[in-house]
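A.B. asks: First the structure, which I've put down as structure tokens, then a few questions once you've had a look.
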Amino acid sequence: MRLSWPRIHPPGPAGCDRRPALSGSTAADTDTAGVREAVQPPVSLVSAHGAPIHSNLVGRAHEVVADIHQGGATTLALAVLVGGAALFLGGSVWRSLQGDRRGPAAAAIAVQCTGLAAVFAALAYQVRAGGWVTGADPAVLSWFTGHRSDWVTGPAIAVTDAGGPAGTIIAAVVIGAVLSRRARSPIPALILIGTVGAAALASTVTKSVVGRARPPIVSQVLLETDHSFPSGHATGAMALFTMAAVMFGYALSPTRRALLLSLAAAVTVVVSVTRLYLGEHWLTDVIGGMLLGGLAAVIGGALYTTWMDRTRARVAASTDENYTHSGRSDPTTMGYAA
């Protein structure tokens, strides 16, 4: 559109206006056109009718991108959860088939840790984003809060108090002292306490990163206002009791070791269920705590097993050397030449 500026005529002699005289009607039309030109808005690339269409198209594009992003994130999270679980189960089977072979057993442990870490990370991401994994949390919380009774609430509070940070630390120190006394070394106690402490630290850091709120106060029996994911009780119970089962069952038969691990899992589940019953955590909180505690226990158990294997090998080598120096391995000194 071409814009033209109004022509300005210089004044004539003696201040007279040099513009040509206009008739009344022509002057009125000229004034009206000038007003229209003055108030005419600047020309836009989008017409008034095209603006709503453009806005709708942009909004729809944003919705499509959001749907694709959400669908992609959901698919990725599901793939990581399934893949991580498969890695852990596969590593567990592989480890059980390796026996005492150190190299393959170490690789199987690495696979287990990778699987658990992947599942835990995917769950933490879903919880932070409010993804589909958390869909069952409100229903589970509602079911537990709707089925409370006085004769269950009292024991549940006692169990959850015993499984708190103070109770977990005391139990770790006592169990570690017993194991160190048996082994005549402080290493078992250090491994156990270090594993439980590392699990607690990881739980605290994850709580701050995820930043999930606790269930509503009206649902809680014991008021707690810190972050919710993962459950510190579930993390501590899983790490402590699984480590105790691994350490006490080191020299036992596979059947007895499996029995100890089953007992440790049962105790962990009881502690975790009390957190749901009392309304202190969501379902995914306790699942995340058990995953994190299990990861810590796998690492700590591998450290303890490695230390015990090396200790036994060193003792066996020392015993063989003593037999050699004493002559007991020589057939002439064992009655054959007498």
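Quick reminder: no glycine exception, Cβ is built from N, Cα and C everywhere.
Note: TrEMBL annotation is automatic and uncurated.
Sequence annotations record features per position, and here TrEMBL assigns compositional bias 'Polar residues' to 319-332. The feature domain 'Phosphatidic acid phosphatase type 2/haloperoxidase' is assigned by TrEMBL to 190-301. For 1-31, 318-338, the entry in TrEMBL reads region 'Disordered'. Sequence annotations record features per position, and here TrEMBL assigns transmembrane segment to 73-94, 106-125, 162-180, 187-210, 230-252, 259-278, 284-304.
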A.B. asks: Short question: which residues 6 or more past the ends of the transmembrane segment (284-304) have a Cβ under 8 Å from it?
C.D. replies: 106, 109, 112-113, 116-117, 119-120, 123-124, 126-127, 133-134, 137, 188, 191-192, 194-196, 198-199, 202-203, 206, 212, 228-240, 242-243, 246-247, 250, 268, 272-273, 275-276
A.B. asks: Quick one: DSSP breakdown of the domain 'Phosphatidic acid phosphatase type 2/haloperoxidase' (190-301) into helix, strand and coil?
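C.D. replies: Its residues fall into 84 helix, 0 strand, 28 coil.
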